[in-house]
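Going by TrEMBL, these are the annotated features:
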- 67-325: domain 'G-protein coupled receptors family 2 profile 2' (DOMAIN)
- 69-92: transmembrane segment (TRANSMEM)
- 104-126: transmembrane segment (TRANSMEM)
- 138-157: transmembrane segment (TRANSMEM)
- 177-200: transmembrane segment (TRANSMEM)
- 242-262: transmembrane segment (TRANSMEM)
- 274-298: transmembrane segment (TRANSMEM)
- 304-324: transmembrane segment (TRANSMEM)
- 330-349: region 'Disordered' (REGION)
- 336-349: compositional bias 'Polar residues' (COMPBIAS)
Amino acid sequence: MTIFQTVKMLFEIVFAPKWCGPGDWSSEGCITTLIHGEFVCSCNHLSFFAVLVNSKLSVDPVNVANLGYISYIGSLFSVVFTTVTLVMYTCLRKGHSEQSISIHVQLTGALLFLHLSYLLSEWWVWREADGAEGHVCLAFGLLLHWALLSTFTWLAIEGFHLYMLLVRVFNIYVRKYLLKLSLVGWGIPTATVTACRFLGVYGIHSFYMTGANNGSSTDICWISSATDSPGVVVSYITVSGYLGLVFLFNTAMLGVVVVKLWGQRGEGRMWKDWATVLGLSCVLGVPWGLAFCTYGPLSLPGLYLFSIFNCFQGVFLFLWFLALSRKGRPEHSSVKDSSSQKMMETNFN
């Protein structure tokens, strides 16, 4: 039995899809109601990560289950590896690279909060079933929104920091630079969720699954999908709109890096340049742009790609850190490699 099969079996025990209907499936956690002459089964479990960035999804129960397993397993791995990465950052940091390390630590911390709050939100809805709507669910929804916005903000700060290092000057001095970045990184999400809390947008978010004979739906503690709530507008502005701005800015910064690497290309460096670009893509959150591929005819492949790349982002950051730690070891390198090496070390050391 593979590691993936073992983890999936454990999640089946905790988050088993208990659809309503005949057979051996348990109805625990599901509510059957009669609406306009049709029975509707609402099961409070097996949501998936992409719901956070696209509130209007249309997915069948089989793919909901598959995406749910990917989301839970990926988020669990990200929680573990971001925790390990934070410890490694703390233990291996060097005095001359304090600013960059602090930025990476806070991005990693935001990712840790995001995946942990997502798992806790899912666990609470599964645990409470029909009684999930309440103050605790509201708190989990607020925490999840705050963590998501914090992640987006720190991704944007990574792009800004890269701009300061590569586009302007390498040794620029800004008074209380880290303090200002921290106020922006944590202050914007805090102010946003505080305003959203007064608007009363947090609670149960439900989406109905296609192809289900009984009109099954699945829930998560998030921005409420109730018709009398301004949650849809808030979601589009604070999530989709904000993500779009961050994605455009960081993609532009990544393009600057690609141009610089291309202008200094040499023999035997292509794979190193690709490694640099792929690593920076993860750091800058470029895969989050796959959220915009979850609309339209290619939405299902987009959902799978989005879930895989972003649920496991904590793992990718950990692997990138290990690669850079190895790069940081003293070794003889040619002059041709110094630019790519400096670019990698500047961004992550």
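Here, residue 1 is simply the first one shown, and the rest follow in order.
Here the Cβ of each residue, glycine as well, is placed from N, Cα and C on the backbone.
Spatially, the transmembrane segment (304-324) is adjacent to the transmembrane segment (104-126); three or more Cβ-Cβ distances between them are under 8 Å for residues at least 6 apart in sequence.
Counting same-chain residues at least six beyond the ends of the transmembrane segment (274-298), those with a Cβ under 8 angstroms from any Cβ of the stretch are 50, 53-54, 57, 104, 107, 151-152, 155, 158-159, 162, 240, 243-244, 246-247, 250-251, 253-254, 257-258, 261, 305-306, 309-310, 313, 316-317, 320, 323-324, 340, 343-344, 347-348. Same-chain residues lying 6 or more positions outside the transmembrane segment (177-200) and placing a CB less than 8 Å from one of its CB atoms are 99, 102-103, 106, 110, 142, 145-147, 149-150, 153-154, 157, 161, 223-224, 229-230, 234, 238. Mean model confidence for the domain 'G-protein coupled receptors family 2 profile 2' (67-325) is a pLDDT of 83.
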